[in-house]
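Colleague: In case it's useful when we look at the structure, here is the feature table from Swiss-Prot:
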type: BINDING; residues: E133, H276, E366; note: Mg(2+) 1 binding site
type: BINDING; residues: E135, E219, E227; note: Mg(2+) 2 binding site
type: BINDING; residues: E214, Y230, K231, F232, H278, Q279, S280, R347, R352, K361; note: ATP binding site
type: BINDING; residues: N271, G272, R329, E335, R347, R368; note: L-glutamate binding site
type: DOMAIN; residues: 16-100; note: domain 'GS beta-grasp'
type: DOMAIN; residues: 108-478; note: domain 'GS catalytic'
type: MOD_RES; residues: Y406; note: O-AMP-tyrosine
Amino acid sequence: MAEKTSDDIFKLIKDENVEYVDIRFCDLPGVVQHFSIPASAFDESVFEDGLAFDGSSVRGFQSIHESDMMLLPDPNTARIDPFRAAKTLNMNFFVHDPFTREAYSRDPRNVARKAENYLASTGIADTAFFGAEAEFYIFDSVSFDSKINGTFYEVDSESGWWNTGEPFESDGSANRGYKVRPKGGYFPVAPYDHYVDLRDQMATNLQNAGFTLERGHHEVGTAGQAEINYKFNTLLAAADDVLLFKYIIKNTAWQAGKTVTFMPKPLFGDNGSGMHAHQSLWKDGQPLFHDESGYAGLSDIARHYIGGILHHAPSLLAFTNPTVNSYKRLVPGYEAPINLVYSQRNRSACVRIPITGNNPKAKRLEFRCPDSSGNPYLAFAAMLMAGIDGIKKKIEPLQPVDKDLYELPPDEAAAIPQAPTSLSAVIDKLEEDHEYLTEGGVFTEDLIETWISYKRENEIMPIQIRPHPYEFSLYYDV
């Protein structure tokens with residue numbers, strides 16, 4: 001695809017009668033930030049001089065005494081917003097230092113761009129493709145609070161199994177049944193698939209935004225767990241796609257009076273929501289992961305890439321599974337990939353090699369640990385850097401395991417390395433093991449230190465010091 005220029009953007013604004021341009025960038029934890037300017041004020045100076053903003057008010061960015069930052073546009077990301085009342089053009093920006101004009105080291109999009117450039121500089125490959133499968137839950141309502149004298153959360157859904165005993169639906173009509181059982185939601189037709197029309201509207205909005213869709217369906221969980229798959233993209237663009245995907249899914253649900261969450265584990269006793277990451281390397285237009293003589297049709301490069309992913313997984317998960325809630329999902333019994341091995345077809349392995357027939361271009365690996373709770377730019381960049389390290393050092397993964405890893409005898413299971421079980425553990429591992437991330441200056445020490453301190457201070461510690469409601473069930477009467 002040809003690179004877009006400022007002239008292309010000005011033409012688009014004129015042709016589409018755009019009224020506002022929405023300026024978008026990503027904070028360090030992974031939430032899109034934005035502000036809007038009138039289209040009449042969006043001129044060539046934006047491309048030359050950038051737009052200023054207060055970096056001290058953005059999570060993970062600057063201190064107040066050096067808060068001024070600058071945004072420069074990425075014309076390739078321009079899209080018409082499907083939800084705004086006024087005709088609005090959304091565009092992603094890169095963050096820069098306003099004095100040196102250097103790309104900002106903590107800008108997640110810049111990290112993703114540097115990872116792509118580093119891959120090319122190694123000579124191993126010139127392109128990394130990523131395809132994300134972001135699962136989510138559709139709920140009718142949500143409420144939660146955390147106070148000094150009480151903590152609670154509650155979600156509800158007309159298709160939730162917990163509503164089988166209610167006499168009425170939410171609209172006041174009689175309960176008509178067809179509630180999805182926990183772990184029983186994979187592929188049922190309506191009326192079990194209660195939100196199929198909403199999912200179709202999500203799919204329509206995604207296609208209108210430029211996504212090439214593959215399929216949409218109800219996922220395993222009760223209460224409207226869903227998945228909509230779309231075509232892969234190059235690393236930076238794929239991370240852009242994840243955040244645009246989440247924006248469209250959430251706002252389509254919002255317009256329909258529903259609420260969507262990409263939390264890894266919103267429900268106790270049912271499957272969590274992952275973001276399986278398919279990935280492959282290419283050079284000069286040719287795929288590098290295929291060799292029909294290798295196990296599962298994998299080349300040596302692919303096997304060593306997997307070796308890097310598995311070897312660094314305990315620290316890598318600090319970016320691919322970066323929340324406390326992530327580790328409520330990575331537990332046995334819910335199809336979660338907790339075993340740090342690879343396998344063909346086997347979904348109980350951390351890395352799966354999908355069956356792709358004899359098509360070399362389709363050969364890829366699927367890293368099944370990641371979820372959607374973090375920053376896709378940092379997650380994809382970290383996965384690529386781990387894979388590159390595996391290739392450069394020829395890291396051999398353990399022998400593939402084609403058995404059901406959940407049903408292994410205890411002696412065999414003990415020999416299988418497991419993913420860490422808490423955010424605290426992976427943050428500690430990141431502190432010990434991150435040299436592979438700083439190769440080529442892709443991740444800086446400053447970014448990694450900021451990530452570690454942010455996670456400890458804002459997520460790990462606040463949860464550690466608060467009583468959990470279930471503790472009252474266990475201990476109130478001690």
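Using N, Cα and C of the backbone, Cβ positions are placed for all residues, glycine too.
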Colleague: Consider the binding-site residues E135, G272, R329, R347 and say which one has the Cα lying nearest the Cα of K231 (ATP binding site).
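Modeller: Closest recorded candidate to K231 (ATP binding site) by Cα: E135.
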Colleague: Quick check on the binding-site residues E214, E335: which one has the highest count of other Cβ atoms within 10 Å of its Cβ?
Modeller: E335
Colleague: DSSP says what for the domain 'GS beta-grasp' (16-100): how many helix, strand, coil residues?
Modeller: 18 helix, 35 strand, 32 coil
Colleague: In whole Å, how far is N271 (L-glutamate binding site) from S280 (ATP binding site) when you measure between their Cα atoms?
Modeller: 27
Colleague: Listing them in sequence order, which of the recorded positions E133, H278, E335, R347, Y406 have their Cα within 10 Å of that of E227 (Mg(2+) 2 binding site)?
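Modeller: Passing the 10 Å Cα cut: E133.
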Colleague: Taking the Cβ of E133 (Mg(2+) 1 binding site) as centre, how many other Cβ atoms lie within 10 Å?
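Modeller: Taking all protein chains shown, E133 (Mg(2+) 1 binding site) has 18 Cβ neighbours within 10 Å.
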Colleague: Would you list the other residues of this chain near Mg(2+) 1 - those whose C-beta lies within 8 angstroms of the C-beta centroid of E133, H276, E366 - in sequence order?
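Modeller: For the Mg(2+) 1 site, the extra neighbours are G131, A132, G274, M275, A277, H278, R352, F367, R368.
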Colleague: Could you tell me which three-state DSSP class G272 (L-glutamate binding site) falls into?
Modeller: coil
Colleague: What are the sequence-distant neighbours of R329 (L-glutamate binding site), meaning same chain, six or more residues apart, C-beta distance under 8 angstroms?
Modeller: P264, K265, G272, S273, G274, N321, A336, D371
Colleague: Other than E135, E219, E227 themselves, what residues in this chain have Cβ atoms within 8 Å of the centroid of the Mg(2+) 2 site's Cβ atoms?
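Modeller: Once E135, E219, E227 are set aside, the remaining close residues are E133, A134, F136, H217, H218, V220, G221, Q225, A226, S273, G274.
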Colleague: What is the separation, in Å, between the Cα atoms of N271 (L-glutamate binding site) and E366 (Mg(2+) 1 binding site)?
Modeller: 19
